[in-house]
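Below is one structure, written out as structure tokens, with a few remarks after it.
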Ligand SMILES: Nc1ncnc2c1ncn2[C@@H]1O[C@H](COP(=O)(O)OP(=O)(O)OP(=O)(O)O)[C@@H](O)[C@H]1O
Ligand SMILES: Nc1ncnc2c1ncn2[C@@H]1O[C@H](COP(=O)(O)OP(=O)(O)OP(=O)(O)O)[C@@H](O)[C@H]1O
Ligand SMILES: [Mg+2]
Ligand SMILES: [Mg+2]
């Protein structure tokens, strides 16, 4: 029904796609990867685009949406900050005849035509499994785990936690593992993360055998504290996003694993759908996701994240997500060679 | 005049941290009389006034107002007893205009709304009675007034109200010749209307011109409170600068014999 | 005395927004002489002083200092010419102590480090010379000083320095009898040492006691600048309150005949 | 005695009764003297609008004009409350998250517990009042500096929002009345009617005042100036309502979109009411007095503590109003409501409008004008399509430019001794 | 003339030369009178520490003591710079992100471009100076209120960090010297040596001062009091160094960890240097004067503009130092460095310590004590294991409690007319 309203494309309006990214603090990916890949895809297709970042500010998020609609975008692609604002934006766009896509985060009760994402719970699951693998490799008996969760105000952080809890909670319950600490890091702030982790260490008298940190920035904060106590490499740390910094940490053995989300694939898939919508076409995705709040099945493209360990760091580089120059600087050149990165 | 003082203080002590500023001060102000409070710079006159008006809490001592013991904890208490004060450090709100300052805390109202025309008119009349001729507009912020104009506004503010006791702390310090005369006349008129007036001044001519009694503070101690007719100009100056004059004032130092000659000499240069 | 003025002003105009405060004012201060600047409240005396010291920029007019035309854009400029001012609104830093205020902007130093003992000693000596006896400690913040003590600190601050011109805007307003005498003596001594001194005061006794010349401002206009010996007490009061006295002052109103009787009457109440 | 004779006419007589010409001349002199009121903020606003219109023609559409109001409303409302606290020389860092707490209360009541909207709105406002009273008590009676008290509030309320949100989930607000506040418009006719009523009311007040002053022979603005003022208001209001009543749907086939957004009269009424409180009641007078010279106010017998507590109460209550508007705009409340830049923008709005952080100087209109500047910058920058980094930098620079218009025009003020 | 005779002894003679007894009595009187200096902040700190130690014994370990220093260092350093700006009655909202910009410059130079650490550190400090000078110029010369200027800076620098971070990447800092600042410790012997030197230096300064005042017959503290002061410093420093020199490795099998963290002497030296500047140079005197009464300072011939610009310069330079420390601690710089709560915590630290937002009152030591309060709260709360929401609320409440110790003890001050 919505796509039929896409008179905008047909009535000679030049297609123009607006993208609103959420922030630059929860993960470095938004500004460094998504923006670039989306822009490349749109430019390649020859459609105009306007990509902006709400910097975690809901009010700014809505203002940007208003402005994009004012500016005459025909397709709006959003990564919502929360479902409420997301829904307000999507509804407003719909009322103005603008097609919409949920990118990376599903807006519950929303009205987007498509949903393109990684499965955030799956990301958490990979982190949980990764930590178990590293602890098993290190043969730690009855390991004590510390959680460094993402921002308490970020719904995604809740989803990640749901994922790793599904792996680790049974182990806590069975007494195989113990949970040493469980703290959220406000604003995904790395500086605060360092303090929080330091206090976890102090509180437990240093008895932390594994750190489940929700992304690479938090992981690096934990590693910096471990380094200060000369414990780096002895306590596995997880991550997410496959930052160059995290890849270096993994190569050096300070970090156990990270979760790589092939943002380029996600961006390309989303761009393809958006371009189609802008031209007034409707593509089949073959997959749907249930929106429990809106009671509808949203056509979706779901991509699978990958766990990265020392062995497969090279895959990320081969993918072009980060370059060899970014990772294999200075001392890391030799580690790169050892890890088979050419 | 009435034999019962309107306000009587007994045994007032006041210290700021380690510095004792007032010691066992007794003071009385009589209705229908002008009591001049004199003393050297730093003697404690302004501090005494601020204790009376509730700005400073006293460390010890009693207040008796109209025959009843009272406690004054804030300027509100003092105002509700009918005490009006012109402070030496005028305490005007620089960001308000003349009318607003004059009616501050006691605005005229029409229901909820401020009655600006009435206030403006009353302010204009009061200021006219104080010989103020150079004020350009009553809606001028007091920050743009000259020193004398500010002082006049502060005086006008205090005399606008029906009060029982008016205390003026060096009210004529910044005033011109005509304005000073006007204020002294006003002081006399207030007393003649039955109010108790306390006037602080360093100008002995003014003190002798209008006062009925003179109270002298010396280093925080009240050394004398006498009828103006019973004391001379030179004696007051002696009390101010040396704390005693003949019979009056502090008991003579044991070490020095009590003839007032030396202190009298010492202030010769001080009498202009 | 010297025939050449140290400071001469010509045609000074100054307005605050729509209000013109000084009109075509001419003024001269001579070395070795005390020039008294008199005028009613709001006449513009303090404004003129602030124009001289560079606090207010003038709208029009020339400054001639020591025979050379100068421009004074800030108090720094004035200070570097050797002009020291005691302002009516004293302008002390309440959060600093007495010594710190007295040496503000011209601290004594030992290399980089402030030389506190020297400053404290100099301050103590200067204050002692001004008859200040009630200050408890030189390390007291000036916010805790009495009105007269503050005034003394401001005066002491201005006379500490070797300057050529000292301007005192109502310096004795808050002072006690002894302190006033001391300041007047100081004023005379400064002039006798060859400095030019400008004294603003509403007290005619003081003006006649120490001044060599009298300059009278009336509603922003300079109505007369004459030798003190050539004018009487009553004439000065007339100039202040009416702007003219006989031959002196503003030209008579065309509508009124020029005999000075009416204005003289009008100020009768003003002379105490 | 003839002195009294000379002064009988009183100070009022010194200045002659002004004519239109002298009034205009006086105004111009005042402007040149640096005493310029709202002029610089308005000028800055015009400059900004002109630049944005030239660079992005879509800035100057009816739709964007309507967006401006809804985008700026929440910050402006919070800023209006902050003016009270700033007038006292205090600060309220917690206003942002206080609005979040109130919004969370609202959302919990209407969505989770299913109360009717008016109960929820009242509860939100009440929450604001309680918060403000508590802050005010700690500042005035306990004597902790307001910066510290409200910094503690800033932290604590952040936690309260999280707790009310059940640790990080957001709550949708679908209650139609609440959602309508920002997202629905008034009928075209109602818009015109309200505007007419406003102009008429203003005219009555102005004319009554003119008459009463004339009757007492007090200095009065010339009659034509009074008329001109009324005409100016009529013009501005009329123009705004006209533009907002234009069709602004991008696609009229789908929907029609016109009328004054409902939030506009809400802001307008609060502007009038709070301005009345500050300028025409003795309570307002006392606020200025306490802010200008607390000691003088105390000596004048003003109950300083009560004034301070009440100002914090008004501030937090206005924050609650802002929170309700924010919840309406977002159709939801999440743990970040009232967080991020809301507080700084709100204080910034008040300060840009001309309110002093040192107390004693400021008006409610300042908050609205400053809020408009902030909203225009945000709105205009959204049209430019910069990347985040560049956008931040340009926003900062534009804010600085808007403020320097003000600063430079006030420079003469300090040169002439006014401040 | 006998008046002069009476006063020849001078004011100094009014008070008799103090003895130890009278000194103690005076001090007690001053405390009772509300003039209590650092006492309340120290008291608040002790109360906090006691509570945390009782609730979580691990709070009172050598390791946690060392952590406290490294956790609080960045905020404390920024707060130390802010004191200069606050003393003038101005504010610098941009200090947090200014530290981020400087950290980003450092990271880019050492990591991306491979410059040696000293070049990078110098460049970061220089960046801070340039930023501060620009802010100061806009405030002092253009005349825009500092709140607005630094709000613009707050926005713009946020953008600059993003741009320097190549749109959001974070940059690792692995340069050993930079990393060492916060993460490495001094040898045990060096710690003792530095402490000894510090105590000796203090003793020399105190004794020289005593002698010079005694020589001029000025009022002097009694000699035993001077000695007591030296002994107190020796005791505090000795104790701190002793604890920091204890073994605090969590697992001595893996590693040994002891010694004073390198950042501690850096903070200490800056504390001494900046305190010297404020208390013992005419520049510092002028800062206080401008903050206390700008007009009086101008009339005293002080170049007010230069003072204001330089204060902003110092503030931003200290922010740069804070940024370097933050980068060292995180081993990396990300777009959030200096963001989030850093600014509020830094201003809060200064204010909690006793610095006034209205200017004219405050010391560098305030920032350090306040920074310690903030760090202790953060540190202690980290040990409690609350959920985020509860943690925020409790942090706010604890902050309030710490501040009310101060407020209540100063209450007498206002009652006696001191402020
Ligand atoms: N808040 C305060 N803290 C400490 N000392 C104070 C305070 N206020 C006043 N003093 C001291 O108390 C003494 C008396 O001051 P007060 O102002 O009462 O004097 P005064 O008699 O009014 O003098 P003046 O004639 O100069 O106005 C002075 O020595 C002054 O330094
Ligand atoms: N900043 C200002 N803005 C507007 N008007 C001002 C300003 N400063 C002074 N005035 C006006 O200028 C006139 C002269 O003021 P000034 O202070 O020079 O008087 P003065 O002669 O010193 O009086 P006094 O004897 O009372 O000190 C007064 O009418 C005053 O209201
Ligand atoms: Mg006094
Ligand atoms: Mg004057």
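Glycine too: its Cβ is placed from the backbone N, Cα and C atoms.
Features of the protein shown, as given by TrEMBL:
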TRANSMEM  D:36-56  transmembrane segment
TRANSMEM  D:68-88  transmembrane segment
TRANSMEM  D:95-115  transmembrane segment
TRANSMEM  D:121-140  transmembrane segment
TRANSMEM  D:147-165  transmembrane segment
TRANSMEM  D:185-205  transmembrane segment
TRANSMEM  D:226-244  transmembrane segment
TRANSMEM  D:259-278  transmembrane segment
TRANSMEM  D:309-330  transmembrane segment
TRANSMEM  D:342-360  transmembrane segment
TRANSMEM  D:367-386  transmembrane segment
TRANSMEM  D:392-409  transmembrane segment
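Using the rule of three or more Cβ pairs under 8 Å, pairs at least 6 apart in sequence, the transmembrane segment (D:367-386) is in contact with the transmembrane segment (D:68-88). The largest share of C-beta pairs under 8 angstroms with the transmembrane segment (D:309-330) comes from D:95-115, of the ranges D:36-56, D:95-115, D:342-360, D:392-409. Sequence-distant contacts of the transmembrane segment (D:342-360) (same chain, six or more residues past either end, CB-CB distance under 8 Å): 37-38, 40-41, 44, 74-76, 78-79, 82-83, 86-91, 93, 95-97, 99, 154, 288, 290-293, 322, 326, 366-371, 373-374, 399, 402-403, 406. Residues 30, 352-354, 365-366, 369-370, 372-373, 376-377, 379-380, 383-384, 398, 401-403, 405-406, 409-410, 413 of the same chain sit 6 or more residues outside the transmembrane segment (D:36-56) yet have a Cβ under 8 Å from a Cβ within it. With a cut-off of 8 Å between Cβ atoms, the residues of this chain six or more beyond the transmembrane segment (D:226-244) that come close are 62, 65-66, 69, 185, 191-192, 195, 198-199, 202-203, 206-207, 210, 258-261, 264. With a threshold of 8 Å between CB atoms, the same-chain residues lying at least 6 positions outside the transmembrane segment (D:68-88) that come near it are 95-96, 99, 146, 182-183, 244, 261, 263-264, 266-267, 270-271, 274, 278, 287-288, 290-291, 307-308, 311-312, 314-319, 321-323, 325-326, 329, 342-343, 345-347, 349-351, 353, 355-357, 359-364, 366-368, 370-372, 374-376, 378-379.
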